[in-house]
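**Q** Input: one structure, supplied below.
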Amino acid sequence: MKFGEHLTAHMTPEWSSQYIEYEYMKELLEQALAEAPVMVNNGDNRLRKQFFREVDVSFFQYCEKQATKISTFFAEKLAEKAHIDLEPFHTSTKVTELIRDIESIFTDSFESGNRAEAMKRLRVPPLDEKKTPMVAFRFGLFVGMLCLLLPALFAFATQLNRSQSNKPLAWREALLLYRSTFLIIIQIIFAGINIYGWSSSGVNHILIFEIDPRHHLTYQRILEIGTALFVLWFLSFIGFILASYFDHYPFIQPLILVVVLILFVINPIPIFYREARYWFLRKLARVFSSPFHPVGFTDFWLGDQLTSLELVFYDLESFFCFYISNRAWWSTDLTSPATNQGTFCTGWSEILLQTILLMLPSWFRFAQCIRRYRDTKHAFPHLVNAGKYASGFFVVITNSLRRATIKKYAHKETANPFLFLWIIVSIIGTVYKLTWDLKMDWGFFDKKAGTNKYLREQLVYSSKIYYYVAIVENILFRFAWTINIFIHFHEYSAEYADLIGFCFGIVEIFRRFIWNFFRLENEHLNNCGQFRAVRDISISPMSTGIDYGLIDYKLRKQPGIRARNRIVPKETIIEEDNTSITDVSTRDEIDNDPKPFAHDLIPMHNNTIVDDVNKIDKQLKDISSADLHSLIPQDESDLSNGIVKV
């Protein structure tokens with residue numbers, strides 16, 4: 001592996017600003033070689049030497065800045081050793097003793113002295129993505145089924161487009177009844193891919209979303225859920241086509257699918273990840289009741305996801321009107337028109353209900369912003385953000401008025417005043433939202449971006465190309481609504497309005513999927529800047545140091561461990577006080593008797609770091625890059641014993 005790749009693979013995202021910008025230094029040298037004067041005759045040699053002398057000066061000035069940055073970093077670490085590690089709050093064992101006492105009380109009170117079972121309930125598991133074979137098998141099984149169902153659906157749709165009685169298939173009704181569930185399921189799958197991207201890049205989504213680490217779902221399990229629901233969706237659609245072909249109650253199929261999805265979410269039986277499902281329902285309830293309680297990141301992030309599902313809210317009206325007011329759905333007569341006769345299913349009342357449903361997602365976020373302003377008294381960004389969602393109200397209202405008056409101005413579309421009002425309001429709202437996406441949600445166009453032009457100073461993901469592509473994608477998809485202007489002036493396109501709306505819904509879901517990566521990245525970096533990036537558990541892509549939780553688990557599985565010098569083959573632990581090696585087993589049965597924990601076996605840092613703190617502090621002020629090497633511990637024994645050579 002090349003040095004640059006090795007450095008990138010072992011980089012800690014939270015310390016990215018302290019690393020040598022190796023790739024940028026390579027770019028400087030490559031650019032210098034590309035711009036060097038070409039030697040045509042001997043007279044050009046002087047110019048070439050002069051050019052490289054200037055390159056040397058600028059390049060080594062840059063190297064000196066990098067060396068100074070590293071020297072400062074190590075000086076701060078040495079100062080931390082001198083000032084922090086000797087303080088009582090660091091050397092005191094009172095917290096450890098309290099933890100041990102609480103563990104003992106919990107063991108005696110709730111597990112009848114069974115320490116192994118007590119620790120299984122108390123311990124927060126590591127956040128590394130454990131690959132469960134059965135989950136991977138089921139996920140692969142569902143993907144394989146989808147590979148068969150997709151061409152099967154296409155074949156049935158093309159060959160069975162008319163029933164045995166020569167009646168046409170009700171495609172428009174099928175689209176309206178199935179597209180919402182499709183969008184919800186595809187967003188679940190995208191969420192699984194999001195989690196995979198966050199986990200592999202070191203973005204601590206567990207902390208950001210305040211998820212219980214004991215019950216969080218890995219990306220594999222979410223993808224398993226999404227693909228399983230997709231299998232049900234395809235089976236239901238194929239069942240609809242077959243039922244239509246045989247004239248046997250086809251519209252019961254989408255209704256059964258919706259009922260199954262609802263039962264899956266609210267199922268009280270402790271199966272199918274009940275803790276995770278109920279956590280989601282609680283968060284969803286908080287979104288629906290936004291003004292009445294404080295708002296956290298998870299609440300407004302989930303609210304943002306709902307704004308990308310506006311089409312689902314819009315289809316609620318047609319779904320309920322179809323099954324409640326339209327008696328024809330129970331009939332086998334597929335040629336009967338879907339005429340809804342309910343109060344809110346025709347005319348202006350229908351448009352009013354659709355408008356209210358379309359405004360609900362924006363209302364949730366608007367109410368959250370107002371609540372955050374009430375709690376923090378910060379007009380910026382909360383009131384400004386509320387204005388962004390308020391602009392969505394005007395877009396929905398003007399668009400509804402435009403649709404309601406299409407027939408009135410059918411003879412002359414350009415005479416419709418609501419058309420131009422809708423276009424103006426939509427442009428303002430789109431620019432508003434786009435600016436907020438790039439500047440506030442993603443943190444781009446930072447003045448301190450340095451070499452990350454148009455981005456921000458710190459980046460988590462491996463390539464800048466991802467960021468620039470995301471910016472272009474977000475701009476294009478934000479303005480996708482302009483296609484509706486073309487549809488307005490072409491009557492033949494109106495026949496495909498429902499299908500085009502479905503395509504808009506997919507585009508918006510995909511835009512939100514990309515948005516999620518950079519929104520969580522920005523939140524993670526903000527957490528790092530405020531020293532709350534982790535919750536005492538490591539989520540780094542590359543594990544470093546000693547995994548105390550793993551050692552604890554392995555030690556408890558070895559029967560009869562009583563003392564810290566017990567030697568059992570297979571695993572090694574380097575102790576910090578005397579550099580002795582203790583071996584522990586990894587495969588023995590769990591002993592229910594009380595055993596020491598990892599933090600008992602591995603002692604606190606030695607308190608003899610320096611003899612004279614003031615002397616160290618004085619010399620740290622005069623430290624230089626040339627003297628740095630002499631201050632760094634020379635071997636592991638020096639490091640473990642806290643010896644600093646001054």
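Any Cβ shown, glycine's included, is placed from N, Cα and C.
The domain 'SPX' annotation in TrEMBL covers 1-248. Residues or ranges marked as domain 'EXS' in TrEMBL: 345-552. Per TrEMBL, the feature transmembrane segment maps to 135-156, 176-198, 222-245, 251-273, 418-436, 465-487.
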**Q** Would you kindly check 176-198, 251-273, 418-436, 465-487 and say which stretch has the most C-beta pairs under 8 angstroms to the transmembrane segment (222-245)?
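**A** Selected stretch: 176-198, with the most Cβ pairs under 8 Å.
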**Q** Are there 3 or more C-beta pairs under 8 Å linking the transmembrane segment (251-273) with the transmembrane segment (176-198), counting only pairs at least 6 apart in sequence?
**A** yes
**Q** Would you kindly list the residues that approach the transmembrane segment (418-436) from elsewhere in its chain, counting only those six or more residues past its ends and only Cβ-Cβ distances under 8 Å?
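**A** Sequence-distant neighbours of the transmembrane segment (418-436): 385, 387-388, 391-392, 394-395, 398-399, 401-402, 405, 409, 474-475, 478-479, 481, 485, 488.
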**Q** Can you give the mean pLDDT for the domain 'EXS' (345-552), rounded to a whole number?
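**A** Per the prediction, mean pLDDT sits at 86 for the domain 'EXS' (345-552).
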